[in-house]
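Here's what TrEMBL has on this protein:
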| type | residues | note |
| --- | --- | --- |
| BINDING | B:K106 | NADPH binding site |
| BINDING | B:E191 | L-homoserine binding site |
| ACT_SITE | B:K206 | active site, proton donor |
| DOMAIN | B:351-425 | domain 'ACT' |
2 protein chains.
Amino acid sequence: MTINIALLGFGTVASGVPFLLKENTEKIQQAAQENIQVAKVLVKDQAEKERLLAAGHDYHFVTNIDDILSDDTIQIVVELMGRIEPAKTFISRALEAGKHVVTANKDLLAVHGSELRELAVNNGVALYYEAAVAGGIPILRTLANSLTSDKVTRVLGVLNGTSNFMMTKMVDEGWTYDEALKTAQELGYAESDPTNDVEGIDAAYKAVILSQFAFGMTIDFEQVAHKGISGITPEDVAVAQELGYVIKLVGDIQETTSGIAAEVSPTFLPKSHPLASVNGVMNAVFVESIGIGESMYYGPGAGQKPTATSVVADIVRIVRRLNDKTVGKAFNEYSRPLQLAKPEDVVSEYYFSILAPDKTGTLLRLAEIFNSESISFKQILQAASLGDQARVVIVTHAMSKTQLENVQAKLAAAEAVEVQNTFKVLGD
Amino acid sequence: MTINIALLGFGTVASGVPFLLKENTEKIQQAAQENIQVAKVLVKDQAEKERLLAAGHDYHFVTNIDDILSDDTIQIVVELMGRIEPAKTFISRALEAGKHVVTANKDLLAVHGSELRELAVNNGVALYYEAAVAGGIPILRTLANSLTSDKVTRVLGVLNGTSNFMMTKMVDEGWTYDEALKTAQELGYAESDPTNDVEGIDAAYKAVILSQFAFGMTIDFEQVAHKGISGITPEDVAVAQELGYVIKLVGDIQETTSGIAAEVSPTFLPKSHPLASVNGVMNAVFVESIGIGESMYYGPGAGQKPTATSVVADIVRIVRRLNDKTVGKAFNEYSRPLQLAKPEDVVSEYYFSILAPDKTGTLLRLAEIFNSESISFKQILQAASLGDQARVVIVTHAMSKTQLENVQAKLAAAEAVEVQNTFKVLGD
């Protein structure tokens, strides 16, 4: 039998789907136990259709979603347009029309995932999105299928290839943020408006989805604190290296006694930590759990073929479940009521880079401020004298988010003291 | 409903199974949709039974396998005794009795896997063994479920924790092989007879199983060439570092135009390669494929809880398939006829450490020997003069196994030339 699928969109990733179906036919047929065929492809308008046909793409291109939704021979709809609309409407209508949906749309799933998942369940169809987190890394299915027996306590992820490429250049080559951004844009890794990538928004979308699979909790996008890499200076990078750390943009979801906490922030990773050597556009998800202990899943976070590999794996799974008559089960079945951690339970070491008067008593004054919040120092270093100012770098012992906020408020109020940067530090 | 399972053996790993079932009850029940209960535990004899009961283990211990096989309430048998017999007989009888089997027994599966898999299929029952390769790393299910859409071209694995612990000490601390072995034995990582770990036999077992999942081909254990770490000298380690490499024991399975080739050997890894920073007892499997490109799966290769996590994941999967009425499908469905690569198609760079007379013309003579087999040098270094002998280190450009054998024969025949070591080098 042949299973007909339709692609919504025919950009880079979408064109990787027929590539894999062709290059790997034998194995995919053996796994799916059916032939899988791209029956229709939705494109934006007549002009795009003609351009693609002229370029030699031999597909049945349509410009109206109804040509797909009303086609009873199409069982699976693959959405690869990205962004919220019209993707959300198209996916909703496909689910309502009884079609199974595969998508790589992390923005949409992070913001409207609950609604779409409910729609899928109500219509007895599948909604799979392995490619939405860390592109080619099969992390969602691994969490859903293999870590069912394990209890995850923390997930740390290098989840955005663009910012990781930039951080790698800033660390290895000493580039400034602006130099790294310029090159990332030239290479096509960063968009002209790079906000989503460099400010941690894209990684926060992925953290929302990871929270569901790793902890069974649906956290709102707004509940994921995010801070980007644009404020990181060459001095921060240099001091990090001196102290034995590598700075990366890290998504961090952990379960404390009171609930889960999720955030994306530049993080000092000990050089020996497996995430510290994840370089360039590569992604990795590091999982701490009571059973396995520590495991890491590493691979390309984006790109045509890696993303298409995850998409086709989802398609194959749906076809198998169609054959087994078990289709319609949720992609992730682990579900618990959301409980957010209290700030006093979320604990970490922190790095402070502080400008203060270069005179006797300054260090004492800083020590008193931290001490008043019961925060002790792990490492301290007077980095450089800048005229009558000195840059003081402090790495603290573990403190809670509450302590962090309090000490930040006191430092902000202190006369002639300027906090340049505060970053999370992962303990050894 | 409650699903009854039986454990064969109650050693370290086996006792991790009830630990996970208890610590993680809620999540496991949600995933399995049933309660899972250890109904019986097979131990060796009455003495062991009494010892375990006295130690407070509250299980129904039996000393006769028939007490389990004839018990119709037991649906899943979990074999964690290890070694070939009586494990093979017990598993065979359990499969014949219509019971599903989970095992972590890599020796058994590598040598008698085909027979056992056939028995499972013929009896319509499941035979799962995620824990048999790389303990806590869910690599088999990931290859079977997520990489279905991808075509794997090469698998490189740090597959033995004991030898990797030793190599890490030899590289990072400059220990000799004997020092590393002694410490590994003191820490309980190595057995008193360490042959299986240090000579690459254990890793070769795992390579056999990986070949089935990654390439769909069942290779015989005897077809996996294996070479261990016992011959590696501190000089080899030092030169490797000088040239930018880390030596590790690596399992390597690749598909060439003529078929697959599998071997386990000490390998020079470029320091930037993700496998190069897999240290201590950790394992990792690095996969090259046409879709994802490069991905790596990292975690503990052994240990009570990691291995038990994989075992319980298998149990949960079986219970789910029982509910879905889809049980009895092979763990790995990817299958192609075995084709072994021709030696001339298996290509790599190589490291040679050679002792030769410290006099004019020696290098020229060596160069002539390599040149006569059309092998060119990538790096050459006269490492040290030892009286009237010199140690010459050569890293070649890529050559085939055929060329390797030919040049080794010529070097062996050459007067006053002694090859101390030859190791594979992974190109950048």
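Each residue, glycine too, has its Cβ placed from N, Cα and C.
Between the residue listed as 'L-homoserine binding site' and the residue listed as 'NADPH binding site', the C-alpha separation comes to 17 Å. The 10 Å shell around the Cβ of B:K106 (NADPH binding site) contains 24 further Cβ atoms across the protein chains shown. A sphere of 10 angstroms centred on the C-beta of B:K206 (active site, proton donor) encloses 25 other C-beta atoms.
DSSP assigns the residue listed as 'L-homoserine binding site' to coil in the three-state reduction, outside any helix or strand. DSSP assigns B:K106 (NADPH binding site) to a helix in the three-state reduction. In terms of DSSP helix, strand and coil, the domain 'ACT' (B:351-425) has 24 helix, 35 strand, 16 coil. Recorded residues B:K106 (NADPH binding site) and the residue listed as 'active site, proton donor' have their alpha carbons 6 Å apart, per Cα-Cα distance. Look at B:K206 (active site, proton donor): DSSP puts it in a helix. The average pLDDT computed over the domain 'ACT' (B:351-425) stands at 93.
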